[in-house]
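K.L.:
Sending over a structure as structure tokens; questions will come in a sec.
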């Protein structure tokens, strides 16, 4: 017990640095919305600066200049810390000015990618300038041994933790009591409101960035005498710091700091236990602590779908739909074969590694580019397959090609496990989880001598097929063309298969989930299943790439699959263009060790600075061209295609003409109003102590158009959310004879309950046709009696809503009114029994609204039931058969339009008690 307490207290040193970095993370996020992955790298740079100052030198991180500037003698403790803190503050101001100020209006994901690029650049720059040999720093804090009973603990751990706790208390008081703290909280709450009150959000951000980098730098300086300076280890302090910041929700300083201290304490104890408890694994248990903490907090705090009002922003850019696979596939294969044949030695090895890296990068395209899940663990998953391949080939004797496929399947299983948290979280937390997992896999498995082959390494037997040796070769035959052809064949198969995935219904579902999970669920897409499939496919592809890399190296080595390498892999994929297969192939060309790396290293000797260049280019890409380098190639090809084949469509024909006399029926023959098709009974929704809906009950008959109206805040959209599965509600909902209670949103959609959204919520990077085609997903699960719309049916739907002329345009190019019509078309494409339209006339003029009313009558005449929420009273009173009126979450009237016009309760709800004698007119 005494020994356990001693190790717990020893963890206060690392815990203090995690706490300080978490504090810095919270400050940058609160002031500018940036999750700064580079915080650990900043601490590293400031610590090195301090260490060199104490030796009488000033570290110069700029390539091409001398590494240090001689200051004529050692600098004292206080002056050195003061100079280092000033440099830290200047660095924070520079980072905000040069990068994050330009990304102020960008979504959080883009800012995080920029910070990942800075982390990569700073860490690689320091490694290139000062090397990776550990640097010791003289003690700063007292080092005497403190005794507590039988416990002996170095005093510097206690002093370090105490300093961070005192600093935390001072900052909490400053943010609560000072004008600066009030201004920071005001700007974080509402930037526009801060500007109106005379505050400058930019100045506030500058001050917070300077302060946060000083805190990060102070933590690096104080931990340096305890943990020798090593670039990668200091940079990866960010993982437990991110876990701690998540506990504080990137907003609360106290919980984040407490969590950081707790992580350090538990990691120290776990390190002690793994060395003394025989049944515990001998490595990686300390890295398990932040991973478990992250999973616990994210899973319990997350939701399967974003709530209404959640900010949903897609930042990855368009995922272009392949138009012709044969020509680019043949062209690429011929060029790649040419490189294989006409190169030799290290250049041919680089060409082969390019193929392998491209396979792994394409796995990133599937997970991130298609499904929108920011995974930093793809290279780690490739490592899982590589180490499993060693076991399969050398210990179990499994032959090629069964062994690499089985290894990839193992990676796929772990990939699905990686994807499980994404069922309840989205965006940046997924990146944090996958990075933490990559660190855990590296330490627990790849660097564990009991699992990685020990000093002899994890050897891999050469592949052979039907007696033909397909190995990489050795000596004069290294590297063999036959192995290069094997890698190229795998790449081509993966590339073509992934391109086919992009054009498939599953690919469209992934892109829909990436763009808007709520809207995807409303179209009948199982969001959770789609995410897991994406992780599974991506992990399998990464596993194949990892197996090829192991075959090329003839063994699996941990350095090839490190967490930092995975970050670099993500950076290169994003830089090249993570949303398309061609971007994945370009990432292989640009990857470390690939053909571009070797060429530039031989020509310009930039090998040691290649990661720095990648990081800088990624920052520029995020700011200026978020779709990546390959997007410029696509734009050029499209431009040339338009020049060669001029457009045959008159741009004027894309303007919608709203003709009020059209009554084209929709996919069927009119039938009279029938029995009850939708029944809602005592629907109640409560948010804490606020009642949004209070026992709302009414029935809807087959073929009716029901209007749902009420003043703002009456609960109209909440009712639609409740019965469609997007809000937790009491009561019961039935459609026909089917009880929908307990069914999730996508299941209700598949049961025949379609809907639109008040905010439209289209998939902006897809065309009109692809958007509406996604809507057919719900009808694919209803059996042969209700088949999904085919191409002709979609064309008929476009004709009905006058969308034919814009069917192949991206929806982001459409007007507001056209976007509303696409939203309605997508809901109708699922052939629902009942469709819930939330303000379908928003953005339309009076003429367009009445035209839409005619379209809805045509829909109703085909027997489809419509429940419509809209503030256009003329449209509602003219089109609807019956109207339900809500006020303060309760039904106050149900009747025909004429009855509702004259109802005094409705008049009071809209106009107030003094107008009770008036009618509600359109």
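Every residue gets a Cβ built from N, Cα and C, even glycine.
According to TrEMBL, the protein carries these features:
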- 678-913: domain 'ABC transporter' (DOMAIN)
- 7-27: transmembrane segment (TRANSMEM)
- 33-53: transmembrane segment (TRANSMEM)
- 74-100: transmembrane segment (TRANSMEM)
- 112-137: transmembrane segment (TRANSMEM)
- 158-177: transmembrane segment (TRANSMEM)
- 237-259: transmembrane segment (TRANSMEM)
- 349-367: transmembrane segment (TRANSMEM)
- 398-420: transmembrane segment (TRANSMEM)
- 481-501: transmembrane segment (TRANSMEM)
- 532-551: transmembrane segment (TRANSMEM)
- 571-600: transmembrane segment (TRANSMEM)
- 607-624: transmembrane segment (TRANSMEM)
K.L.:
Average pLDDT across the domain 'ABC transporter' (678-913)?
P.N.:
88
K.L.:
For the transmembrane segment (571-600), which recorded stretch in the set 237-259, 349-367, 481-501, 607-624 gives the largest number of Cβ pairs separated by under 8 Å?
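P.N.:
When the Cβ pairs under 8 Å are tallied, 349-367 comes out ahead.
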K.L.:
At an 8 Å Cβ cut-off, counting only pairs 6 or more apart in sequence, do the transmembrane segment (158-177) and the transmembrane segment (112-137) clear the bar of 3 or more pairs?
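P.N.:
Counting Cβ pairs under 8 Å, fewer than 3, so no.
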K.L.:
Given pairs 6 or more apart, does the transmembrane segment (112-137) have at least three Cβ pairs under 8 Å with the transmembrane segment (33-53)?
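P.N.:
When sequence-distant Cβ pairs are counted, the transmembrane segment (33-53) touches the transmembrane segment (112-137), since at least 3 lie under 8 Å.
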K.L.:
Looking at the transmembrane segment (349-367) and the transmembrane segment (7-27), are there 3+ C-beta pairs under 8 A, with each pair at least 6 apart in sequence?
P.N.:
no
K.L.:
Examine the transmembrane segment (7-27) against the transmembrane segment (398-420) and state whether at least 3 Cβ pairs sit under 8 A, considering only residue pairs 6 or more apart.
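P.N.:
Taking Cβ pairs at least 6 residues apart, the transmembrane segment (398-420) and the transmembrane segment (7-27) are not in contact, as fewer than 3 fall under 8 Å.
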K.L.:
Relative to the transmembrane segment (398-420), which of 33-53, 237-259, 481-501, 532-551, 607-624 accounts for the most Cβ pairs at distances under 8 Å?
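P.N.:
It is 532-551 that shares the most Cβ pairs under 8 Å with the transmembrane segment (398-420).
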K.L.:
Which sequence positions outside the transmembrane segment (481-501), separated from its termini by at least 6 residues, show Cβ-Cβ distances below 8 Å to it?
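P.N.:
Residues 322, 325, 329, 332-333, 336-337, 340-341, 348, 351-352, 355-356, 358-359, 362, 365-366, 370, 463, 468-473, 507, 510, 537, 541, 544, 548, 551-552, 581, 584-585, 588 contact the transmembrane segment (481-501) from elsewhere in the chain.
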